[in-house]
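Undergrad: Per TrEMBL, the features are:
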DOMAIN    29-292  domain 'DUS-like FMN-binding'
BINDING   P31, M32, V33, Q85, H184, A238, R239  FMN binding site
ACT_SITE  C114  active site, proton donor
Amino acid sequence: TVNYTLRSKECQLKHPMDLFHSGQVVKICAPMVRYSKLAFRTLVRKYSCDLCYTPMIVAADFVRSAKARDSEFTTNKGDHPLIVQFAAKEAQVLCDAARIICPFADGIDLNCGCPQRWAISEGYGACLINKPELVKDMVRHVRSQIDNPKFSISIKIRIHEDIKRTVDLCQKAEAAGVSWITVHGRSIEERHQPVHYDAIKIIKQSMSIPVVANGDIKTLKDAENVHHLTEADGIMVARGLLANPAMFAGYEETPFQCIQDWVDIALEHGTPFTCFHHHLMYMMERITSKQEKKVFNVLSSTSAVLDYLNDHYGV
């Protein structure tokens, strides 16, 4: 076991670009508002997740306020490789944020995909896919101002109705020095429509840097299918991992050990009750009856939740 432990330590400490060059499909936990925080990242890393993102952080607030830095970003020694995702619309602000984060993370990601109204009205997120020159400028600035050549800068995008425009955006970003591109295969307007995996494949074939596929991946089988459909170098999962944090390790549904691990990790990290409870609601969605959900979902304290898990599942 000693060698195995050493080996898994080494895997965890790999730089993101080493992962992409490993010949294996890189398994990635998406940036999720409220959810992809340190405790949850710690959990999914136990179950074969290769690379984790923080939730999106507004770069301007992060640079301006120490309070924002403390509340938005927490990490520890085992939390690698780690990508910090920023919302930004000015090159220098993104650079300043990258400089602050550089000693604690392995790279930054520029959010060019968030379709929420507030983000778009502020000039963040998905509206950036219509500003390829600005994206290029931001990437180039970060590249020139961060000394560490292993520090990655990636972007996460949605697609245009006209895929040629998306390919153009991606090629401009690649020319500016972007490390890889994550593509959520839907347009800004699309929410629950089927994902355009064919579009991701076209982008992949137009680039010489790694491309990550994102959208509607719920199981390891889905991940394998999407890899075959798109030829993507990595697979990024959001809701699928919320429902089953052990998904990348090949479990069809959340194993009880994973629930136990979440309880241990969350308590150790002092995770706020709402977040602790929400994660359990997601994890137990598929394994509890309607009646059980009615009871479990309205529990209002950590001790009530712990008693329930102990009584019903021996957790």
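Glycine is treated like the rest: Cβ placed from N, Cα and C.
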Undergrad: Roughly how many angstrom lie between the C-alpha atoms of M32 (FMN binding site) and C114 (active site, proton donor)?
TA: 11
Undergrad: Could you tell me which of these binding-site residues, M32, Q85, has the fewest other Cβ atoms within 10 Å of its Cβ?
TA: M32
Undergrad: Do any residues at least six apart in sequence from V33 (FMN binding site), in the same chain, have a Cβ closer than 8 Å to its Cβ, and if so which, in order?
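TA: In sequence order, P55, M56 meet the Cβ cut-off.
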Undergrad: What's the CA-CA gap between A238 (FMN binding site) and the residue listed as 'active site, proton donor' in angstrom, rounded?
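TA: The residue listed as 'active site, proton donor' has its Cα 13 Å from the Cα of A238 (FMN binding site).
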Undergrad: In whole Å, note down how far the CA of C114 (active site, proton donor) lies from the CA of Q85 (FMN binding site).
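TA: Spelling it out, the Cα of Q85 (FMN binding site) and the Cα of C114 (active site, proton donor) are 11 Å apart.
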Undergrad: Per residue, counting other C-beta atoms within 10 angstroms of the C-beta, which of the binding-site residues H184, R239 reaches the highest number?
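TA: Ranked by Cβ atoms within 10 Å, first place goes to H184.
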Undergrad: Cα distance, C114 (active site, proton donor) to H184 (FMN binding site), nearest Å?
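TA: Roughly 10 Å, rounded to the nearest whole number.
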Undergrad: Over the domain 'DUS-like FMN-binding' (29-292), what is the model's average pLDDT?
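TA: Taking every residue of the domain 'DUS-like FMN-binding' (29-292) together, the mean pLDDT is 97.
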Undergrad: C114 (active site, proton donor) has how many other Cβ neighbours within 10 Å of its own Cβ?
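TA: Its Cβ shell of radius 10 Å holds 22 other Cβ atoms.
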Undergrad: Just to confirm: which same-chain residues, 6+ apart in sequence, have a Cβ under 8 Å from the Cβ of P31 (FMN binding site)?
TA: Y53, T54, P55, M56, I83, Q85, D109, N111, K156
Undergrad: Just counting, how many other CB atoms are there within 10 A of the CB of A238 (FMN binding site)?
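TA: So the Cβ neighbour count for A238 (FMN binding site) comes to 20.
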Undergrad: Whole-number Å distance between the CA of R239 (FMN binding site) and the CA of the residue listed as 'active site, proton donor'?
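TA: Checking the Cα atoms of R239 (FMN binding site) and the residue listed as 'active site, proton donor' gives a distance of 15 Å.
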